[in-house]
Amino acid sequence: MPLIPKSHPRAKSLLIREKLVNGFDNGLVAKEGLLAQGRGEAFDYLLGEKTGKAAKQAIKAAAAQLLLAEIPVISVNGNIAALCPKQIVRLSKQIKAKLEVNLFYTNKKRQQAIIRTLKKNGAREVLGTSLTSSTKLSGIDSARRIVDKNGIFAADVVVVPLEDGDRTLALRKAGKTVITFDLNPLSRTSQTANITIVDNVTRAIDLLIDESKKLSKKNRKTLQKIVNNFDNKKNLTENVIQIKNNLTRRARIA
Ligand code: PTJ
């Protein structure tokens, strides 16, 4: 008998947890990554565990921004490699983005395990481990400062899903456009990114792939208009209002 029966009311959420735990057992996820998932889950609960209107708008803006990019790069950490390796590779192919492994709790063994997983899922090249092309991004003291000259360092648009607090600002200061997935609309990363998708990455990633496919038929002027019309601060506020409305509704039911 499976430990998580399909009929369990929280089966979906528990199965996502299993992916993280398996990712930890297989050397992809940092211990702290398990805690990060817990923090995300709490916000997901408050958001109603669905992709809201504001998240859909952010996904559309992110797709347009990625299609406009000259050198888009997707930064991959342990949680992402465990949660959605197939989709992250699919997205990179759809928008012609490079993949770069970049860890906060860095170690060589985990880097290699993540690269192996991405390659098993169809990635041709994964940057982030070459000593000859590595360089430092200023304004960060963590291991995340070590980046590839041909990857994050050269990028004009960087996707940093499930990010800790210190890199987005440094990337912005380096003139890059930053897109993130973060269930916490109040986090420093959410507040500093150009486009924050406030949704569970396991739901939003497929929507971003679909939207990128759809928008790839549009011309640059249309894509630029979508980006220009997007206001991240306003979008984050809408997410906070979504949480507030959910809580108000639940307070009435209780
Ligand atoms: O693999 P490493 O070494 O690079 O480490 C990665 C983690 C995630 C451990 C590291 O970046 C970290 O400590 O992140 P934080 O500071 O815990 O922030 C992670 C953010 O992602 C939090 O705001 C969470 O709410 C959010 N989050 C967690 N799970 C999800 C999520 N957002 C979207 N989808 C999720 N599944």
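Including glycine, each Cβ sits where the backbone N, Cα and C put it.
Nobody curates TrEMBL annotations by hand; they come from automatic prediction.
According to TrEMBL, the features are:
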BINDING   R17, R39, D182, L183, N184, R188, T189, N200, V201  ATP binding site
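A map of TrEMBL features onto the structure.
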residue : record           : DSSP (3 states)
R17     : ATP binding site : helix
D182    : ATP binding site : coil
T189    : ATP binding site : helix
V201    : ATP binding site : helix
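Summarising the environment of D182 (ATP binding site), the number of other Cβ atoms within 10 Å of its Cβ, over all protein chains shown, is 26. Among the binding-site residues listed (R17, D182, N184, V201), D182, N184, V201 have a CB atom closer than 6 Å to some atom of ligand 1, in sequence order.
A 10 Å cutoff on Cβ-Cβ distances gives R17 (ATP binding site) a total of 16 other Cβ atoms nearby, all chains included. Neighbour density at the Cβ, taken as the number of other Cβ atoms within 10 Å, is lowest among the binding-site residues N184, T189 for N184. Non-local neighbourhood of V201 (ATP binding site): I80, L83, C84, P161, L162, F181, each in the same chain, at least six residues away, with C-beta under 8 Å from its C-beta.
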